[in-house]
Every structure is written in structure tokens, then in C-alpha cells.
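Undergrad: Here it is, the structure in full.
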Amino acid sequence: MCGIVGILGTHEVAPALVEALRRLEYRGYDSAGIATVNEGRLDRRRAVGKLVNLSDLLVHDPLAGKSGIGHTRWATHGAPTEGNAHPHRSGPVAVVHNGIVENYKDLRAELARHGLTPHTDTDTETIAMLAQHHLDTGMAPVEAAFATIDKLEGAFALAFLFDGEEDLMVGARKGSPLAVGHGDGEMYLGSDAIALAPMTNRITYLEEGDRAVLTRTGATIRDAEGRAVTREVRTISMDAARVDKGGHKHFMAKEIAEQPSVLSDTLNAYLTQDGIALPGPGIDFAALDRLTITACGTAYLAGFTAKYWFEQIARLPVDVDVASEFRYREPPIPPRTAALFISQSGETADTLAALRYCRDKATALYGVVNVPESSIARESDLALPIHAGVEIGVASTKAFTCQLTVLLLLALKAAEQRGHLTPEARDKVLAQLRALPGVLNTALGRDQHIEAVAQELAEARDILFLGRGAMYPLAHEGALKLKEISYIHAEAYASGELKHGPIALIDQHVPVVVLAPRDGLFEKTVSNMQEVMARGGKVVLITDAAGAESAGAEAWKVIQMPEVPDLLAPILYALPAQLLAYHTAVAKGTDVDQPRNLAKSVTVE
Ligand code: F6R
């Protein structure tokens, strides 16, 4: 949520700042801005809307300088106007910020007593004002930045730039990620390594509370207590930092298409000849009485699906909740309960807070993450990477199927350890899993037909999704995906719940997408489908050949998936749900990769 970058360069930095912001735009795209120091003078340019507006502005009104900071915004405090866009400036200080300063009103009141008044609606401006105030009292820039950071409550990743200081940048991290990049005679700051990838692959991830002082010759880092600390410089794989659409029209299309291959990577990381190998010390599921799963959005729906797997095949009771509710409900955590957190970014503020809540209460903390250096990965007792590769599209697709795959492997491991799965039965499922990437490829072959169905769905104002068993969470995922990128109102219900109220919504204008492979629950779902059709409802049935044969004739549209064992169906059926949402959004002409009001990494609560 918001992307920040900083460069102490050897050439003009404006183009490199804009390129870095382009790579960070997935974090927010309400407005963007840069500030530089040129011949000792601090100056800035800002523009509302997508980054392209800032680059256009820079053509007409360039900004010179070899030191600079930049920001792409997802508005929290104050509307997305030019005045509220970052960098924020107060006298000789410019600041970019990702996060929320919770005590900004108190700080404003304090600053007013020193004659400093705000000009924007943002919390961030207060940081620049506070730094200016500290400079006014005679502090040197680094001292002023540190004194400012000490006063901030909330979450932040920050970069400071000072008038008259061409070889100085100060960064800080608390609650929001920040990386230091090491170049040749250049130094960088960025919200993630992807932003810095065109400039360097040598990265230091700052830890919670760290402050970094950068000059062109290097960085000195202090921890929250002010002690000088050494943090590892890692060389990151450039592959991991690739951000191109690979010939696809949208990142989302590319990421949907990548699923067979990334799912193979996930499986390869966890499967050996002897079965399922978890990283590090692994997990002793036999020692657990309960698992509590917490996440947000799509990651939560992966957890919700996993509840069915853990309970059915491993007989392990699972509580699953959205992190924003869990953390404030403060639930008791019974003994012998492990807590598992799922997050693509590994930085979602509510999920991280839920993890911290569980720290001294749960038997162990497990993180199912896509970004191995993320906060959730680092603060978990054991991080379980999903190996989906960088996901840029704001709507999560490949991360979801890779999360599901890791969760299914965990459920199988649990079933084995708890005596509910023989080695033979396990090997059979693992063989089916190894064949799954091929099945996903076949499903992707139905793309054109799904696109044709989507053209018709694009006319609807409301759409319902139904599913039973493990297809129920998937119905939620289908509805979430559709509403977030096509802006069509969509709701999901458990098929059996329809007649307890929602059936009142059914008429010929409300298409109903039914996710129903021909499994043990199929006939029951078909009965619910009949209830919909009896009321004039138009059913899009997503099923397999046997399901289409038995119930397809009555449906308005049928999307036929390849056959797959019941256990694996949620992973496969995610694909038509994603493709339906994607093509509906394209048909409606929305901004698929950057839907309105959203951002990929939600680092505020
Ligand atoms: C929806 C989507 C979001 C995220 C949610 C959690 O397509 O992407 O609902 O799943 O914001 O994000 P992570 O997984 O990064 O914690």
C-alpha cells in the first residue's frame, strides 16, 4: 500500500525514479510524485492519477538532480489530490511514506504551538513538519530525522531528503517493508527489491525499527534502540524481479496462464521420492488438537478451503477467520493449537497483527507466504513458501492456487502423521497432484468458451455464485474476483443456504454461477440449481463431463472442466472462476490490473 523509492545516483535520477515507481504501481495508483535535490535545492513534481500523468508532467516540467525520492500513493488520509500527493515537504525536508501515522493529530497540535501549520489533509505531512521543527532547533539532518521517527506511532516506511544535502538520504522501517539497495557508487531505498531490480540485485532488507543513513558510499543501519547493526546484503535472483506481461494483454492474464508452471514449482519444492517434505524442522501435526487459520481476502478463502481438507482428511479441527476480525476479537487459543497465517505479500497489516497476537499463545506460528523475506515469513516459526513468483495483478490468481497447493500438502502431511492416511493412499494422491499441472493446462484451453460466457455476464448488474463443500469457499473466491475487477455486484452462498433467504433475489436478470464437479454432493447442488431455474434464474454450470451429461441440458451455459479427483477440484475450479472474472472485466473495459480503489499490498488496517 503505497510504494516508496529513493536514489542517491551518479546520473539524473528522475527517469530511474519513475521506472522504479512503475514497478511499484501495483501498491497504489491514486497519485505519484518525486522530489530531488539539485545544486543543493530541494524541488518536487506531483500528479494525480496514474504514474503516466507524472511522467507526462516531467516532460513539460523536468526535474534535475542526482538524488531523489519518489512515491506512488494509495490514499489513506485525504483525497487523492495533488496537494495530498507525496513527497510531502516542509521547509528544507521532503518525505515519502508508506503506512499510517496514528498520532498525527497530537503531533499537529504540538507543532502548531511552534507556529507550524499543515497545508494538506495527510498524516505524512506531519512527519516533514516535525523534521523541520527539529532542524529549526539546531539539529543536524540525521539527528532531526531520528528524533522525528522516535515520535511517530503507527506503521511506516519512510525516506527523507534534505535541502542542501545531495549525498544523504535517511530511511526507516516500522510495520511497512523497506529495502536498501547497494549499487556502484550509488545507493537506493525501495519498498521492495522489484522496484530496485533495474539498478541492483544487492539488497539489504531492513528489520522492524531499523533506521538507515545512506550516502553514495554505503549505508549505516541502527536498530530501534539506536545500536549500530549489520544486516545481511543478499543477492536476489533477477528472475524473481521480472515484471513484464510476457506477451499478454494484462498481468492478470499472464498470471492465470502461468498457473500450470508455477504449480509445478510449488510441487517440486515440497515433493520428494519419499513423500511430502516440509522445510526446516517441519510440523508435528500429531501433537496438535486444533489449527487456527487467519488471513485476508483471497488468502482467507484459501484458508477456508483448507479447513475442509484438514477436517476431512486429517480429522484436525480448524478455526478460520479474517484477520481484521480475529485480531480485535482476541479469541482464546486453546492448548495444543498451532496458528497458521496465509499471505501472498507477507505484509498485510491485519494478518501480521493477528500473528503477533498469537505469538505467546499458540503452540507454533506458521506462515504460508509468497515473499520469503516478508514480515510474516520472518516472524513465523516456520515459513512455508508457495513459490508462485512475483504477482503483479492486483487480483490474486496464481498465488491463490499455489496457496491451495501448499495447504493441501500440509493437510495430507497432517493426515499421514495423525494416522488417517496410509502411505499407499498418500502416494496415490501425490501422483494425482503431480498430474495436476497438465490438467490445469487442459482447463486453460477452455478460455475462448469462458470468454464467450463472460461477454453475456458483463451485461448483468448482480451475479450469484453457489457451491457446496470445498466449492463453497471457491464460490466466494469467484464472487470476490468478479466484483473487484469488473465492478459487478457478486455474492456467494452455500448452495444449501439459498432457500433461507437469498433465493428471493432470483429472477431472469440475476445469473447464478454454480461450481459443481460431479462429486458426492453433486445431486444436492443440482437440486438447488433446479430451485433457481424454477424461478427463472439463469444458471452457468461449471462442472465436469459427467456433471454436464447429467444436469447440463437445463443450464443456461455450461463450462466443462477436465475430470479431477474430488480433493483437487478446488485448485482446478479456481481457473474458470478467474477467467470468468477476467473476461467479464475486459468486456466491461475496466482497468483489470489496477482496479479502482484497490492496492495489492494492504499494509494499513
Ligand atoms: C483479491 C486479493 C486480496 C488479497 C488480500 C490479502 O484478489 O488479492 O483479497 O488476497 O488483500 O493479501 P495478502 O495475501 O498479500 O495478505
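Numbering starts at 1 and runs along the chain as it is shown here.
Backbone N, Cα and C define each Cβ position, glycine as well.
Small disclaimer: the values here were computed from a predicted structure and weren't measured.
Positions annotated as active site, nucleophile by TrEMBL: CYS2. Feature annotation from TrEMBL assigns active site, for Fru-6P isomerization activity to LYS600. Taken from TrEMBL, the feature domain 'Glutamine amidotransferase type-2' covers 2-217. The annotation domain 'SIS' is assigned in TrEMBL to 281-420, 453-595.
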Undergrad: Measure the Cβ-based neighbour count of the residue listed as 'active site, nucleophile', defined as the other Cβ atoms within 10 Å of its Cβ.
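TA: That number is 27.
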Undergrad: Could you tell me the mean pLDDT over the domain 'SIS' (281-420), as a whole number?
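TA: That region's mean pLDDT is 96.
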Undergrad: When DSSP states are grouped into helix, strand and coil, how many residues of the domain 'SIS' (281-420) land in each?
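TA: DSSP composition of the domain 'SIS' (281-420): 62 helix, 27 strand, 51 coil.
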Undergrad: Using DSSP, how many residues in the domain 'SIS' (453-595) fall into helix, strand and coil?
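TA: The composition, in the requested order, is 77 helix, 27 strand, 39 coil.
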